[in-house]
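Chemist: Found this in TrEMBL, in case it helps:
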- 1-42: region 'Disordered' (REGION)
- 10-28: compositional bias 'Basic residues' (COMPBIAS)
- 31-40: compositional bias 'Polar residues' (COMPBIAS)
- 81-246: domain 'Bms1-type G' (DOMAIN)
- 417-514: region 'Disordered' (REGION)
- 424-440: compositional bias 'Acidic residues' (COMPBIAS)
- 463-476: compositional bias 'Acidic residues' (COMPBIAS)
- 477-487: compositional bias 'Basic and acidic residues' (COMPBIAS)
- 491-506: compositional bias 'Acidic residues' (COMPBIAS)
- 544-584: region 'Disordered' (REGION)
- 544-554: compositional bias 'Basic and acidic residues' (COMPBIAS)
- 555-564: compositional bias 'Acidic residues' (COMPBIAS)
- 654-678: region 'Disordered' (REGION)
- 1125-1148: region 'Disordered' (REGION)
- 1125-1138: compositional bias 'Basic residues' (COMPBIAS)
- 1139-1148: compositional bias 'Polar residues' (COMPBIAS)
Amino acid sequence: MADDAIFDKKKSHRAKHAGRKAEKKKKKNQVDQSNLTARQRNPKAFAIQSAVRAERQFRRREDVISKKQHIPQVDKTPLDPPPIVVAVVGPPRVGKTTLINNLIKSFIKTNVTNTNGPITIVTSKKRRLTLIECNNDINSMIDIAKCADLVLLLCDASFGFEMEIFEFLNICQVHGMPKIMGVLTHLDMIKNAKKLKMTKKTLKHRFWTEVYSGAKLFYLSGILHGEYLRNEIKNLSRFISVMKFRPLSWRMTHAYLLADRLEDITNQENIRKDPKVNRDVVLYGYVRGVPMMKDSVVHIAGVGDMKISELSYLPDPCPLPNSEKKRHLMERERQIYAPFSGVGGIVYDKDAVYIELKGSHSHKQEDEEADEKKALLKNVVETTETVDEQMQEIGLKLFSGGAVIYPDMVKDDEYLQHSKTQDSSDENESGDESDFENDSGIDQSEKETKTSSKLPWDNNSGSEEEGDDDDDDDDDGKLNTETKGSKNESNSDDSDSEKSETEEEDYNTKWKEKLSEKATMAYFERQKTSKNIMKLVYGDFEIGNKTKQTKEREDTDDSDDEEIGGLFKKVTSSQKKKHMEKEQLDHDECSFFYSLDKPNLRDWTKDTYKQIIINNFVTGKRSADEDAEELLQLDDASDGDDEMYGDFEDLETGEKHVNAEKSADASKEELGSKRKADNTKSEILNKKLKLKAKFDAEYDNPDDHRIKGDHSYYESLKAEALKQSELNKSVFENLDNGLRIEVEGFRPGLYVRMLFKNMPSEFVTNFDSSYPLLIGALNMAEQNIGFVSCKVKKHRWYKKILKTNDPLIISLGWRRFQTLPIYSKIEDDMKCRYLKYTPEHVTCNMHFYGPITPQNSGFLALQTVNNASNEIKQLGFRIAATGSVNEINKSTQIMKKLKLVGTPLKIYKKTAFIKDMFTTTLEVAKFEGARVKTVSGIRGQIKKALNKPEGAFRATFEDKILMSDVIFCRTWFKVDVTKFYAPVVNLLLPIGNKNAWEGMKTKGQLKRERNIKHEANNDSMYTDIVRQPKVFKPLVIPKALQKALPYRLKPKAKTMTLTDTITKEKFSNRIAVIKNPHEQKVSNVMKMLKTNFEKKKEVQKELTSEKMKKYKKQQEEVEWRKLKRQKEMKKKICRHLSKMSNKSQKQM
């Protein structure tokens, strides 16, 4: 068995110690491969196998990266951003209110009964939402699209997308597309599962077509107990809470505000006297966009342009929670603020404020915390004893089983009294609070010493102790002397206090030693690094007015003053003198003040002292390294002189030649702190090496040796945008809040109060909180009104084409207004040609009189904003046109073509007299030299007027014209734009009619309303054109030419007939044939035979066709029977074959 084990043993592997592979392994083991990447360890595995495939992968990767890239924009969002406006939009009866209620309940666990106006809620630690419902009015839809950050577009899935949804999407495309999320409701109305799946798919793809491919569409499958399913609402709320928003260009250049609260502060007496008096209205809301300035002009959508009378900021009514790290929001931090909806305890009505006090049984539902608070408040109110009396009765129990200690027991204790007397000196030094620790960690004694000591930044420290005004009371002086006296006592007893402290001081109080001195020294160290201009100019002088010695002397004098009655003190002569000196110093410049430790005062008005500081100013002399002229000369010398006249050595003689100018410059440099004019070779080499390394880093491949695209430009743009955003945030960060608002304005995120005076009374009396109240700030240029040139295109879904000078309602910027536009087309010579109607599928120019708006601002046009059902049915899609602003001009140049028509009076070869084009000789004189043209295309020119008839003129043409020709003269004349601008003031209308605003009407609308029939103009009627056939003269060939022509071309003897009457004359000479009676009978019989024969032929033809039909029918029946027999035969054969095959299978 042992032998078998030996034979079964496998041969062990013998590693190669020599050869190519062994050398390769040795080299591999020599390098430490622990820090190498997989590509570096095995380069062959990562080598490019196919160049074509690698190129495709590279191109694909670059395409994906470039699609993700967008132009980086500077982040202007503030640290405390305003709430995100979430608008719920959709047709009526789709569940908008239910969705808002469910979202509020999902976020803050609160039921809301009324959803009028904006509802602001705190949803997370860093995000707030303002939910607002958009009613079914195109004015509200336009205003909501201008301010919404996120739109929840609701659609009834059982009905499909309605016209309001498409209108709102077009409005958003024009005014800046916000984030849009679709929500399908009423899915439970579709019972068939297959139909439900198809409906979802169809609506999703239609939604993607309108918004963008891949847009989020939520499905709310049904309602349970009046609410949507909790999981679906939670999913929707999570998407809302993590949504990111890109800034829109219009909102990033304008401040705006969505008002969530309104107050009428007009004097009630004025309203009683005149109910129509203009009101003083206060509007509240969060600033959005960019900072809003105090004196800016704003536009209130639906009211008009208003001037802000007063602007101030208030505490945030719905603040974000504390910045502490928390996993989730506490219940009390889940806030809601909706004044228009009556949520949050306060309801703001037209002329009153109502505070919600709950019901009479509300005390039963209060929690324990509220009961605790009430009990504490009751104890405080009902107490009858003072705090000292209560403290005497309260005892302290140190241990659980120990006795209670009362204040009387402490007074009687001998040990405590002894320790108290020992610590009395320490208490005096520290201001009686040495053992008390403040929150800041600094003792009260140190604070007192800090305030009493003289600090360089405290300009009036000494004077404040003595008194600031002339009317200082004696009482104040006494207090000051007492503090000084205590300070002196503390200085005199320093040694005793130090001994007692070393014996009895605990370790925990040692860190407090000299804390104020350390803080002061640290401040001085920091101040040394920063340059002080005063110190540079006037030397090392601090701002003060008395020395330490005089101060101490005065303190001792004051302490020895006599007191009258223990309360008052006599004013001594030294105090009067001191007060007079202080007043004198207040009048002088601060540069005359001197420090405490430098009592010698320099009079800077003297020339000797002026010479000391004269070189510290711009006009003074500079050292060589600071003088600008000398530095420029050194630069020039280093550029050219060193190369031309530098040092050199004669190689033959060995003599060295030195440049004299250079040696002089060197001597100058030695005088001051020197600056090298020319770099050494080592510095130049280092500079070149750095440039080369920078170049290699930019253009060489990195360590992994992959070919990557050049994204450095995009990265640099991102870095610039990030740097700018950080700079914007840091500029005003350290300023005081009041000063920051004065400089920067009311930044976005602040809750502001805006007062408007002389507001129309209808705005308050007809106020409806369901309509959004949008307030947009206007820039300086936008406050003017002028002529605006736009590029416009009729919407493809709008049924009618637009006519020039028909009233059109335009939504541009923050405004909605009615105006009279003129349409035009730019010709090749850059002339705007007048158009009567808009083109069907092409853009054209539009000029109107309205507010000046920046270029490329989008706008949309409507013919009516009336929400009447009959008008909506008639129009269908209400958005008539869309476009953008091209340019802003104070004047316009629109030219209309005019054709002047005339007829020939006389014709002389290429000259003709023309009439009926002008009425007077003066008109002809104006048009001398103008070009004319006939209908046939012959061109000419107007020469001179004729005497008779009036208005006729002579013209020359390039060919002879005919009397039947019509002559045209093409002219252009300027068309003026009508100055008509009417803002849409729908918020001033009564509550039921806010969606029925009507502006200027067309002439056709007025006639239809009054049943006035239009009288037709005969010249404008279309009549049948009857044209006589043109009769040309016969061709007349001269006889001489006839002789020369060959026979076949010679005119033959033919009768030349011009009319049909001549043909009858040919037969006028012939004799008429009259038949006798027998011939008449024969002809009649022949006619009868012919008629009979034709009749027989017709009957025979009919019989033949009937026979053919019968024959065809018989043939078809025979064919059908034949086919039937063949089919039966085939069946029998197939049946027989199948039986045969079955028998053969059984036998097998």
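Each residue's number is its place along the chain shown, starting with 1.
Just so it is clear, glycine is given a Cβ too, placed from its N, Cα and C backbone atoms.
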Chemist: List, by number or range, the same-chain residues at least 6 past the compositional bias 'Polar residues' (1139-1148) whose CB is under 8 A from its CB atoms?
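Modeler: Same-chain contacts beyond the flanks: none.
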Chemist: Going along the chain, which residues at least six beyond the ends of the compositional bias 'Basic residues' (10-28) come within the CB cut-off of under 8 Å?
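Modeler: Long-range Cβ neighbours of the compositional bias 'Basic residues' (10-28): none found.
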Chemist: DSSP says what for the compositional bias 'Basic residues' (1125-1138): how many helix, strand, coil residues?
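Modeler: The composition, in the requested order, is 14 helix, 0 strand, 0 coil.
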Chemist: If I take every residue in the domain 'Bms1-type G' (81-246) and average their pLDDT values, what number comes out?
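Modeler: It averages 91.
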Chemist: By DSSP assignment, list the helix, strand and coil residue numbers for the compositional bias 'Basic residues' (10-28), in that order.
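Modeler: Looking at the compositional bias 'Basic residues' (10-28) with DSSP, the answer is 9 helix, 0 strand, 10 coil.
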Chemist: If you run through the compositional bias 'Polar residues' (31-40) with DSSP, how many residues end up as helix, strand and coil?
Modeler: 3 helix, 0 strand, 7 coil
Chemist: By DSSP assignment, list the helix, strand and coil residue numbers for the compositional bias 'Polar residues' (1139-1148), in that order.
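Modeler: With helix first, then strand, then coil, the compositional bias 'Polar residues' (1139-1148) has 9 helix, 0 strand, 1 coil.
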